[in-house]
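Shown next, in structure tokens, is the structure this report addresses.
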Amino acid sequence: MKFTLSWLKDHLETDEPLDRLAEKLTMIGLEVENIEDKAKALKPFTIARVISAEQHPNADRLRVCMVDTGDGGAPVQVVCGAPNARAGLVSVFSAPGTYIPGKDITLGVGTIRGVESRGMLCSAAELQISNDHDGIMELPADAPIGAAYAEWAALGDPVVEINLTPNRQDCTGVHGIARDLAAADMGKFKDPTIKPVKGEFPCPVKVTVEDATLCPGFALRLVRGVKNGPSPEWLQKRLTAIGLRPINALVDITNFMTYDRARPLHVFDARKVKGNLVVRRARDGETLLALDGRTYNLDPATCVIADEHGVESLAGIMGGEASGCDENTTDVLIESALWNEINIAQTGRKLGINSDARYRFERGVDPAFMVPGLELATKLVMEMCGGAPSENVVVGKAFGDDRVIDFPVTEVKRLSGIEVPQPEMKRILTHLGFMMAGPGPVVKVAVPSWRTDVHGKADIVEEIVRIYGVDKVPMTPFERGDDARKPVLTPLQLRTRRARRALASRGIIEAVTWSFITKSAAKLFGGGQRELEVANPIASDLSDMRPTLLAGLIAAAQANADRGFGDVALFEVGQVFKGDRPQDQFMAASGVRRGFASSEGLGRHWSGSVQADLFDAKADALAVLAAAGAPMQALQIVAGGPGWLHPGRSGTIQIGPQNVLGYFGEMHPRALEALGADGPLMVFEVILDRVPEAKKRPTRAKPLIELSAFQPVSRDFAFIVDRTVKAGDIVRAAQGVDKKLITGVNVFDVYEGKGIDDGKKSIAIAVTIQPREKTLTDQEIEAVAAKVVAEVTKKTGGTLRA
């Protein structure tokens, strides 16, 4: 929600400085996200006159201009490429050292094609006050040379942007924001009575509402004989300041009412509407060319406004092109209605339309302001466009529901810990539009029609506390007896913490992604079941609970790549959902590596760059399992993985055939294509819930490390085995010979080719033998070696390579 300071002061009589108002807005729950002060940003830019503009000696499209900057000094030489640069032109000048916001550069003295340039003549786009970049700005001939441009152009009206929570629909208009500030002692609220505009004739257009649940109320008025042209300068500046494009007076009035009073309206060109209007559900096969230039396919779930020819408007979301108002409009129908919030939200998400009207209607508008909003809009139309108004046509209810809450004043202390005097409670609630009656400990509080979010006692406490001051809430620690146990993390919480630390220590950056993903992505990763669909998704592309963390991480990696950061390693630890039962929800640790983001380091390097591969993903997964306390000696790594992984470049980590702990490998190209991501991409995912808990020990102390005083011995073995034999089987066989003496078995060579029979391969291992009690003799070492050969032969069918 954006507004200017002067706009706010139309509704709030205040002398408070902007920084004080911004601080108070945040304190009362209307968080200020940004304040844009163009006067401050454009302070260095001045008004200047071009004295002469000569052809550049070395460029056809450049001119060498001598510019009078108004400082009393000699003219300044500026090289300019604008087609409208000419002698006598008054424009905006920036001197060296000035920051140009539209180009994100700081200007310096430069030489352009051999000619020195000591400044710049600016376009409106370079000052970020419009998108016009076809030429430098042209100011009136009487503009004061040397004056500050921002001050002369009256740009000293800061634009404030606030972040609204979904329940504060009343503050989607400047009027509601001013009311809150007045209640917080920031000024006096201006709330003049809206006088009805007397109709001069009956409205010839009738309105029928077929389904009152979709449209509880509808008001309409015809104004004849209007002259629709550009809106007044004050209105155009106000709309431009908040990022809206002025179109014409009638359309600008509806946009102004939307932001000023949180009352979306719609105007129809009455001459383009055939017959009467009906509010109904769309019919199968109906379409609408909307004001955004797009054609939408409608269905019976969509509420529309139609005439005898068909659909004219998407109710509460966007009007149709066919009945839109332009400079030829002479008769206008002004519509002010109430719409079903849920239907508006569902229709907007389904059609992918995010309009200002939808933003307000799906949150709920003030039902009692439906008719007064129409009266105020009629008054503005007559002031700007003239015309004769008809009488109002009102269908349905034009008022809000009466809500009176029995409120014990002690609730404020009970829920917030603050002692607020009862007179102060009444003052706050009264300024917010509530009515409080009764002297006793339980009072009656009447809720105003515009506060559709207030339904109970806790809501009233919230209103009182946020205005009184959340900074006054005392810090009260929970009481805990002397014999109370200190908090202890669960095994899963410990694994989660250790997994994060392990991955961070490997140079991977933690990311937090949505728990919701698209239906197509969910199906790709084995999800997409009906029970995992979100009943009321916040966006059409966030419809399903995620069966994996990888969908979000891959999207995040691609987003980084699209912005020029292709070498990225990301991880996330969070919940995944295989079903809607508690036992179908798991804690997972997942990660992606892209480009040169290998375990050797990130990005390219002069000493050589290593592309991330599946062994990096494997090492990441094993690091997580080791940190989580998995029995590493019992892990089995099986080639292959889920269908979304490359079949020849992936693996599955398991303990036995039933307990699959995770996967790693390269994403399948088809899966990446379906996700709209570029490859190759290395990924892993470990399910922390499936890691077996370590056996409990009688003491928490770790056993002492046993260091041997004797020299270790290493022996190399090369075995010829079938091609299908896994290296891990050979390693486990060798380790099992003597677990006290053999402290390490590593694979250092795999060979297939000349000298090896077809269907066979050679795997070489290094076995480390660590004596504990004495130095081993050659005979003892050879005995261990013989056992290694025998055990590997027995378990794998391999033979010692000659």
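For all residues, glycine too, the Cβ spot is worked out from N, Cα and C.
DSSP assigns Asp453 (Mg(2+) binding site) to coil in the three-state reduction, placing it in neither a helix nor a strand. There are 17 other CB atoms within 10 A of the CB of Asp453 (Mg(2+) binding site), with all protein chains counted. If you look up Swiss-Prot, you'll see Asp453, Asp459, Glu462, Glu463 marked as Mg(2+) binding site.
Under the heading domain 'tRNA-binding', Swiss-Prot lists 39-150. With DSSP classes pooled into helix, strand and coil, the tally for the domain 'tRNA-binding' (39-150) is 5 helix, 39 strand, 68 coil.
The domain 'B5' feature in Swiss-Prot is assigned to 400-475; the stated evidence is sequence analysis.
According to Swiss-Prot, the feature domain 'FDX-ACB' maps to 708-801, an assignment based on sequence analysis.
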Have a look at the binding-site residues (Asp459, Glu462, Glu463) and report the one with the fewest Cβ neighbours inside 10 Å.
Asp459
For Mg(2+), what surrounds Asp453, Asp459, Glu462, Glu463 with a Cβ no more than 8 Å from their Cβ centroid?
Asn167, Arg451, Val454, Ala458, Ile460, Val461
